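Accompanying notes for the structure given below.
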Amino acid sequence: MPKKFYVTTPIYYPSGNLHIGHAYTTTLADILKRYKDMQGYETYFSTGSDEHGQKIEQKAKEAGLSPMDYLADKVESFKELWKHLKIDYTKFIRTTDKYHEETVQKIFSILLEKGFIYQGNYEGLYCVSCEEFLNADQIDENNMCKISNTKLELVKEETYFLKTSLFQEFMEKDVLGSEFLIPAYRRNEMLNSFVKPELKDLSVTRTSFSWGIPIKENPKHVVYVWLDALTNYITALGYLQDDHTNFDKFWADEEVEILQLAGKEIIRFHSIYWPIILKALDLRQPTHLLGHGWILSKDTKMSKSLGNVVDPIDIINQHGADALRFYIGYELPTEKDGNFTDELFIESFNAHLANNIGNLISRTNQMITKYFEGYVNLEDVEYDQELIKQGQETIKAYTANMDEYKISDAIRNVLDLGNACNKYIEEKAPWNLAKEENFEELKNVIATLQRTISIIVFLMKPILVENYDNMIEQIGLKNQKLTFEKLLNWKEISFEKLGDKKIIFKRVN
Ligand code: ME8
């Protein structure tokens, strides 16, 4: 039986256009999904749109449209972006999908029946932009939301509460006392800010707006965004539906590696309320929640509500999907905030994709064509042991990092190998070997490079998806099925005669 991997991104609000921040989380998920595919896992990747709530209701009204008409275009634009970015998702869930709405109603009824939900009254300050009731730490001195910088509404209404207070010990021990939330330092953050001071019961329905899923027991209440939104991760798989094959396969089975990704502002929902909802439903927990930092623009969070966003489509149109996927994977490690500016982007592209990898492939190809007419006969080659060893070690370091979802470190392993190859070329100066007619040594050098470059290209497969086939063809491996095992037993790989050359990753001036 193949191992299984289920990866999810948050479902994004269609209250504006998606920006680099959303592209960030989705690309990380896509890279990991593709990596697991390469490792022979059976994978499922879910993303989507979070369509209910006051914010969407207001936006549709401003646009003079019904919510569904307003949403249609937005959702199309999400899918369009994922197509441009080469995102290979398995499922796109909309919270307005009928199966989802019906399942949320069922989930609400189960939790009510089990006594985990009760009716009461709520009074508090609500941030429409974040769709969240705020506590004192989240409000600035002008009574505005610290995250979205928008005005708050005083809300006083009847509501149903989830009895999160029952789960204090479960949270401290089983969830935040385990390896579930990564990076590890976020566990203490959650414990100290939200759990230890006392878990407050969570309001899960609203009555002052109607754009939501009405509950069967009392239809003037609509399920407030988070119970609706978080449950998407299981409704998308068919939980409580006639066809629950994917749920059985990718959630219920304890062996499945379930990875959820979310930005740091919603870690609280994913590491506290979501585990509680699952526990209350008697369901297993995800293996890991990877909470990542923010992409900043001039030191503040890039966000729709602040309007300081970069449109990923512009970047892709100018530089291609791979350039953006690379920047996201390499330059924005998940454990801290990162920056996105045109200057940084171009600098990184030139240094790593154009000067390192692109240049390495093209200069090696030129030498294979010039000195060996496109084909190096590998009989009697004496490979450079040091470079070959570094190649083998790179595969191991890369897989160890990818297995821990450390994409940036894994890419660094590959870039280091690329730099080592470029240095090797300078040191060996094959053009001098040719001049001296030392063809034996020339062949050793070029064959060593060809082998090592095949590792570089293969390890970049989950990231550089648009150029992968082209790169593989350029290094003479078009008809080979590469695997990690094959690269570790590298003598099994044979190369074909090189064909036409196309420039990969041309330097941007
Ligand atoms: O919160 N840097 O949706 P949302 C990094 N619907 N990541 C960013 C980012 C930035 N500047 N801006 C956005 C919601 N993101 C809810 C989620 S899930 C059950 C419900 C990414 O449209 C990041 O993943 O506000 C963040 O958590 C998410 O988009 C927020 O998207």
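The count begins at 1 with the first shown residue.
Positions of Cβ are set from backbone N, Cα and C atoms, glycine also.
Going by TrEMBL, these are the annotated features:
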- 5-140: domain 'Methionyl/Leucyl tRNA synthetase' (DOMAIN)
- 12-22: motif ''HIGH' region' (MOTIF)
- Cys127, Cys130, Cys145: Zn(2+) binding site (BINDING)
- 142-364: domain 'Methionyl/Leucyl tRNA synthetase' (DOMAIN)
- 301-305: motif ''KMSKS' region' (MOTIF)
- 384-464: domain 'Methionyl/Valyl/Leucyl/Isoleucyl-tRNA synthetase anticodon-binding' (DOMAIN)
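Here the features listed in TrEMBL are placed on the structure.
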residue	record	Cβ neighbours (10 Å)
Cys127	Zn(2+) binding site	23
Cys130	Zn(2+) binding site	21
Cys145	Zn(2+) binding site	21
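In the three-state DSSP scheme, Cys127 (Zn(2+) binding site) falls into the strand class. Mean predicted confidence for the motif ''HIGH' region' (12-22): the pLDDT average there is 93. Within its own chain, the motif ''KMSKS' region' (301-305) has Cβ neighbours under 8 Å at 13, 15-17, 19-21, 129, 147-150, 265, 294-295, 340, counting only residues six or more beyond its boundaries. In the motif ''KMSKS' region' (301-305), the DSSP tally of helix, strand and coil residues is 0 helix, 1 strand, 4 coil.
In terms of DSSP secondary structure, the motif ''HIGH' region' (12-22) contains 3 helix, 1 strand, 7 coil. Broken down by DSSP into helix, strand and coil, the domain 'Methionyl/Valyl/Leucyl/Isoleucyl-tRNA synthetase anticodon-binding' (384-464) contains 68 helix, 0 strand, 13 coil. Same-chain residues that are not part of Cys127, Cys130, Cys145 yet have a Cβ within 8 Å of the Cβ center of the Zn(2+) site turn out to be Tyr126, Val128, Ser129, Glu131, Glu132, Leu134, Gln138, Ile147, Ser148, Thr150, Leu152.
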